[in-house]
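Colleague: Encoded as structure tokens, here's the structure I'll be asking about.
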Amino acid sequence: MSQKQLKEAFVRNLSGTSVLEVTQGLCFPAFCILCRGLWIIFSQHVCSFSNTWSTRFLMDFVVLIVPLVITLTVLSSFILLENLTVIVWGAWLLYQIYHRRTCYAKVPVQKVFANFLKISLESEYNPAITCYRVINSVFTAIAILAVDFPLFPRRFAKTELYGTGAMDFGVGGFIFGAAMVCPEVRRKSIEESRFNYLRKSLYSVWPLVFLGMGRLVIIKSIGYQEHSTEYGIHWNFFFTIIVVRLVTSLLLIIFPLNKSWIVAVSITVVYQLALDYTPLKRILLYGTDGSGTRVGFLNANREGIISTLGYVTIHMAGVQTGLYVLKGRAQVRDWIKATCWVFSVAVGFFISLHIVQVNIEAVSRRMANLAFCLWVVASSLMLLSCLLLSGIILSFAQFLIKGSLVPCSWKLIQSPTTHKNHSESLILEAEKNQPSLCLITALNRNQLFFFLLSNITTGLINLTMDTLHTGALWTLVVLSIYMFTNCLVIYVLDLQGKTIKFW
């Protein structure tokens, strides 16, 4: 077999891992972000905190990126232990911050909590959604290269037909994250004529057309390894995003934004019925002739074309979630209620997923069926609830230490029900000492360019080295240098105030 055939075989016929393990893996970076924020607050209070760009970059890289690289490789069998370790570290940091608090130092704990619940948080910015999208981008960047090395567990790779691999969540999670901040959600309504709105939607996808066609031409011209049952012969994820964007733009013109969940449920139920009671599933799996033909555009790209219905469902669910999470809330107590609600809905979706897998069909990314949509939405909501909780805890820590502020977190703003002098000090000193260097902010600013850069460097590494026969130590070195280089480029762009856009 040629090197290309060996690499293609290396990522085929895989069945994934458990839903629980993927969920644990998703929660881990949320806890890392929490500990990173608590450590910043603790360091600012206990010792002089270095605010140079190099120090901040190295800290973010070590606390946010390196743990993910290790989790997806050498410590993949100890995800639960990693979570417990980070939680214990975070609890210790919070304990130290509380006992060193500069505000309400002699006030009973009940009174401290009561005053904190009355504090207001900045409503125009939600760090949980930013962190969600960055986590998905970083995970994807690591996985697309790591999957070609033996050190990367095969159970985390994309599944062939049924199953829940960690990389299976990546594609659905990207759609969900993009939907939460789509123009419709940020604007809350379609304020212009339908024709102009559709025209702008069509114009907004042309960079994706360029990227999708460019990827297709490059892959075919250099003979790069492909997994044809993933999207088809010519299709790729850029084309899926294009179709989803256009279809959902049309749906959001026809249906009210706050009814997006009804549209999502309707589409996925009808799609699952079509898979079960029409020849649609047979066509998707075996082609129109039933023998796996790839003749004709539909047969050649049947997986990518048909599965877009599932991704449309996920997008509409993301729109509904974005409307709820980005809704302005007056006080911390309101955000606690919202976090509990998101967590409760996530649990409800996991229960529904179990019922569907037992009685209807297992999760299939290849088909993007009902179970897949439920799994992606449930996992996304669970991650989002962890990030919301982390944001609230960080806000509490900032509330305790006067003048502290964590980049990419909520700002505490004055509340009329809180002690006036303390509220003012929270605002003035925090703004005066506000750190401006943050890897999360940098990655969020240039997410598309980071994804493209990761794809290009992944291709270059695969073309220049034999990844299939690389040892564990060298794999970690390559992955670390790869992520360090990509993150550093994005970080420097952010320092210079540059956003790379192609439109």
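Yeah, the Cβs are placed from backbone N, Cα and C, and that goes for glycine too.
Dumping what Swiss-Prot says about this protein:
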type: TOPO_DOM; residues: 1-21; note: topological domain 'Lumenal'
type: CARBOHYD; residues: Asn13; note: N-linked glycosylation site
type: TRANSMEM; residues: 22-42; note: transmembrane segment
type: TOPO_DOM; residues: 43-48; note: topological domain 'Cytoplasmic'
type: TRANSMEM; residues: 75-97; note: transmembrane segment
type: TOPO_DOM; residues: 98-131; note: topological domain 'Cytoplasmic'
type: TRANSMEM; residues: 132-152; note: transmembrane segment
type: TOPO_DOM; residues: 153-160; note: topological domain 'Lumenal'
type: TRANSMEM; residues: 161-181; note: transmembrane segment
type: TOPO_DOM; residues: 182-201; note: topological domain 'Cytoplasmic'
type: TRANSMEM; residues: 202-222; note: transmembrane segment
type: TOPO_DOM; residues: 223-236; note: topological domain 'Lumenal'
type: TRANSMEM; residues: 237-257; note: transmembrane segment
type: TRANSMEM; residues: 260-280; note: transmembrane segment
type: TOPO_DOM; residues: 281-304; note: topological domain 'Lumenal'
type: TRANSMEM; residues: 305-325; note: transmembrane segment
type: TOPO_DOM; residues: 326-339; note: topological domain 'Cytoplasmic'
type: TRANSMEM; residues: 340-360; note: transmembrane segment
type: TOPO_DOM; residues: 361-380; note: topological domain 'Lumenal'
type: TRANSMEM; residues: 381-401; note: transmembrane segment
type: TOPO_DOM; residues: 402-447; note: topological domain 'Cytoplasmic'
type: MOD_RES; residues: Ser415; note: phosphoserine
type: TRANSMEM; residues: 448-468; note: transmembrane segment
type: TOPO_DOM; residues: 469-472; note: topological domain 'Lumenal'
type: TRANSMEM; residues: 473-493; note: transmembrane segment
type: TOPO_DOM; residues: 494-503; note: topological domain 'Cytoplasmic'
Colleague: Between the transmembrane segment (381-401) and the transmembrane segment (75-97), are there at least three Cβ pairs closer than 8 Å, leaving out pairs fewer than 6 positions apart?
Modeller: yes
Colleague: What mean pLDDT does the predicted model reach across the topological domain 'Lumenal' (1-21)?
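Modeller: Within the topological domain 'Lumenal' (1-21), the model's average pLDDT equals 84.
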Colleague: Compare 75-97, 260-280, 305-325 by their Cβ pairs under 8 Å to the transmembrane segment (161-181) and return the stretch that comes out on top.
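Modeller: When the Cβ pairs under 8 Å are tallied, 305-325 comes out ahead.
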Colleague: Excluding the flanking five residues on each side, which residues at least 6 beyond the ends of the topological domain 'Cytoplasmic' (43-48) place their CB within less than 8 Å of a CB in that stretch?
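Modeller: Contacts of the topological domain 'Cytoplasmic' (43-48) (Cβ under 8 Å, skipping residues fewer than 6 from its ends): 97, 100, 102, 401, 403-404, 433.
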Colleague: At a 10 Å cut-off from the C-beta of Asn13 (N-linked glycosylation site), count the other C-beta atoms across all protein chains.
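Modeller: Asn13 (N-linked glycosylation site) is surrounded by 10 other Cβ atoms within 10 Å.
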Colleague: Where else in the chain does the topological domain 'Lumenal' (281-304) make close Cβ contacts, counting only residues six or more beyond its ends and a cut-off under 8 Å?
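Modeller: Those are 161, 228-236, 239-240, 275, 366-367, in sequence order.
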Colleague: What stretch, picked from 22-42, 75-97, 132-152, 305-325, 340-360, has the most CB pairs under 8 A with the transmembrane segment (448-468)?
Modeller: 132-152
Colleague: How about long-range neighbours of the transmembrane segment (75-97): same chain, 6 or more residues beyond its ends, C-beta under 8 Å?
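Modeller: For the transmembrane segment (75-97), the list is 21, 24-25, 27-28, 31-32, 34-35, 38-39, 41-42, 45, 67, 153, 156, 393, 396-397, 400-401.
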Colleague: What does DSSP give as the helix, strand and coil breakdown of the topological domain 'Lumenal' (153-160)?
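Modeller: Its residues divide into 3 helix, 0 strand, 5 coil.
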